[in-house]
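See below for the structure under consideration.
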């Protein structure tokens, strides 16, 4: 038993030593250790078997994964394609929705435009209908008036009443009445540039802020529409995600689903972040623009604030300086009095100088008044001459009318003589000797009529001679002028001379108006100088009164002697104050010197302005001399015209002597007739030239001629009436020639009138130039007046400031006197100074009395000048009214300036609010920039992680290869070990120790292998996850690129569509413009056709009227007419035949 126990103990001890258990082993715990050791061996064997089964299961699972892998790939490809197709469908839907919206907006615009065009078309059609109705009514009215004005009844010398047609009375107006040359003078308006600039700045700022508000509102509307679109897109995407999640839930592993959900969430986050990045970039751009604008406004505001602060500092400095000046003026009143006396002396000198200038101006005014009187006398003389000339013109026109009527009568007489001779010969041929005793009676009546008319014209000529002789007795000048006018052979000379005289008259009137304006300007200047003189006199009196009051106050400031004993202790303090006062006195002297320099500078400026006014006066005098020279030239021209009139009067006397004989009259009329025939030939030549201009109206004339031809064809069916119409047509041709002559005369008259118009237009242009020069001079004078007013206002302000300073000086003086009562030594010195001041006051009183005497003399002179200027105050009252109006306007402008200041304060408050908003926006921008920077950093971190993971993947793949190689080697070793174990089972007892050690080593290696396998599994999982993430990232990149590409394509397509729409708009606008142009062209054509139609109607009516008049004149003169021809052809019905 002991040997068996010992053997067991030795075996167990060895095994424990082999396994590394070195602890002590007692005999009592030997059975327990045996059991534990047997259990350990059992567990190791079971572990070995489980590992083998696990290896087999892994091999089977690897085979299963290899079989399922192509199905997984195919399923993933199909799902990806499905997702891409669905994304494209969504994009197409969005694009179609946007396109539909744009088409709807364009359709609405087109509908509005079509509605507007329809409305305009209806309006134009309605207007055309109204115009057509009005034209029809007017045409009917014209026809009615023409029918009313066609016929009239005239009693012929034979006692019969015949109806003749009168020409329609016409009134040809070449041009409207010329406008009045003298327009209302522009009222000068004072312009304050500071107020205008502030108002303009405020208005501009308000407009800019309103524009910014509108732009922000538009951007907000755009952003809201974009948010709506994006919300719709997000809803569609979420629906798609839900659909895909439902589709992919069945038969998928939870890991894959979780990974896909993570990828989807990551994609959503990335898309959302991209959208936020884009939105934030756009917001950054807008905010940068806004910040720039606000910075600019801030700079402007800061500049304004700096300017205002500088102004405030300057004002503070000026206030301190004014305080110092007040103190110095208080302590040094004597020097102030001396400077005031000096200024008064200078003011006296200026008053004397201005009085001398006023005297010079009055002398010039007197000279100009004399010249005005002379010019008015010349004007009256010229007006009388113009009246005489107008009478002569009327006489000349009457003579020309009589001459034309006589020429017409002579032509009608010649025609009637020819017709009578023809009738006599025809009567002789038809009726023989029986008709002889009838024709002489007609000739006798005709000759008697001619003699009566001759006697009538003789009487008219004698009456005209009697009128001319009577007017020649009244004034020799008018008689000469009349005779010269009667002797002028042509009307063109009369018109040219009359137009020259009228032109000269107009020029003289303009010269007089200029002189009157110049006199008014001089009077206004004199009035201004008198006003300034009165103001200076008032200021001088006020200054003297203030000086006397100051001196009285200085005499009354003697302190009582009782206070002297109480003030001895304060002597030292008073001495220190005196020293300080002396220092301030020196500073005050320097200030006074500076003020005197400023006053001298202002005086020099005033002297410069006076020199400028003297230069203006010299220029006006030079203009006056030029006008005098022009008047002399006009007189010379008038004398030359009088000589011409004398020569023409002599010629007219010769003509009047020759006109007593009737034969000479007939010869002269024949010569005139020949001249008229020559002029008719010339006018026919001119008409042939002008017929080229009437080609546009020939189409309608041809239509009328065709109608006339048709009527002629109808008339040819009647042979008897055809011969009569031929004769009448010959007569009408003759009258047509006569009318052509009259037309040519009218064209000559029109040419003369056009020349006169051109001359008048030239004269009007010269007058306009002169008026513009006068207006410029008036504006300059107004500017000088405004400058003077500003200078007067500045002087008033300075006087107010001086009064305020004097008041402050008085107050500070009272305080100083109270302090001086406490002083003792100063009282003695002040007593001495008071004595000296009393002496100076006596001298000042004497000077005041002298000044009073001078003032009385000055008042007498002023009263004399006021008596002289009393007559001119009525003329200057209008200028005072204008000045009051200007003053009221200035007050209104001041009120507006205050309003503008209030508005500027409100604008400043708005700017402050805008600054606060800008600060908030800046803070927000900074926060957004920080978020963007964080996103960018995260993006970089993701990229760095991806790169590190790729490197780790490559490293792990290499390690896996090494481990697989090691695994293969280990498996080979295991197989060799198994073979050795099988071989060594027989020698189990011998190799137990070796087997135990090897088993332990094997177990250790197995543990390490399991660890390696678990690590490899984990690495595989990590690799698969990383590959999946890489694929997801690549798909995200691809989708982002596709999105960008599609967005680029959509933007390009939108741009092309916008360009197409713009081209369509331009085409529609061009069509509208072309249609409007065509409408205007058609209207112009309609107007031209209407005018042509009216002209042709007038021509037809005149031709009808002339034909009827010719027929009636032929009937009146007894020519062969259609009814006469019928009487001649049928002698049995005539009364003469009955007598036979």
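Heads up, the Cβ atoms here are built off N, Cα and C, so glycines get one too.
The region 'Homodimerization' feature in Swiss-Prot is assigned to 11-64; the stated evidence is a large-scale study or a structure entry.
For 75-151 (among others), the entry in Swiss-Prot reads coiled coil, with the evidence type sequence analysis.
Proximity of residue 101 (site 'Microtubule binding') to non-local residues of its own chain (separation of 6 or more, Cβ distance below 8 Å) is seen for none. Residues or ranges marked as site 'Microtubule binding' in Swiss-Prot (evidence: experimental evidence): 101 (among others).
Per Swiss-Prot, the feature site 'Microtubule binding' maps to 104 (among others); the stated evidence is experimental evidence. Sequence-distant contacts of residue 104 (site 'Microtubule binding'), defined by Cβ-Cβ distance under 8 angstroms and a gap of at least six in the same chain, do not exist.
The feature site 'Microtubule binding' is assigned by Swiss-Prot to 108 (among others). Counting only same-chain residues six or more apart in sequence, none has a Cβ lying under 8 angstroms from the Cβ of residue 108 (site 'Microtubule binding').
Annotated coiled coil per Swiss-Prot: 199-416 (among others), in sequence order. Note on the coiled coil (199-416): mean pLDDT across this stretch is 76.
Counted within 10 Å of its Cβ, the other Cβ atoms near residue 383 (phosphoserine) come to 13, all protein chains included. Sequence annotations record features per position, and here Swiss-Prot assigns phosphoserine to 383 (among others) based on a large-scale study or a structure entry.
Under the heading phosphoserine, Swiss-Prot lists 439 (among others), citing a large-scale study or a structure entry as support.
Under the heading coiled coil, Swiss-Prot lists 447-644 (among others), citing sequence analysis as support.
Annotated coiled coil per Swiss-Prot: 668-1036 (among others), in sequence order.
For 688 (among others), the entry in Swiss-Prot reads phosphoserine.
Look at Swiss-Prot and you will find 1079-1113 (among others) tagged as coiled coil, backed by sequence analysis.
Taken from Swiss-Prot, the feature region 'Disordered' applies to 1114-1140.
Swiss-Prot lists 1121 with the feature phosphothreonine.
Among the features that Swiss-Prot reports, compositional bias 'Low complexity' is placed at 1121-1133.
According to Swiss-Prot, the feature phosphoserine maps to 1130 (among others).
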When secondary structure is assigned with DSSP, how many helix, strand and coil residues does the region 'Homodimerization' (11-64) contain?
44 helix, 0 strand, 10 coil
Can you see whether DSSP assigns residue 104 (site 'Microtubule binding') to helix, strand or coil?
helix
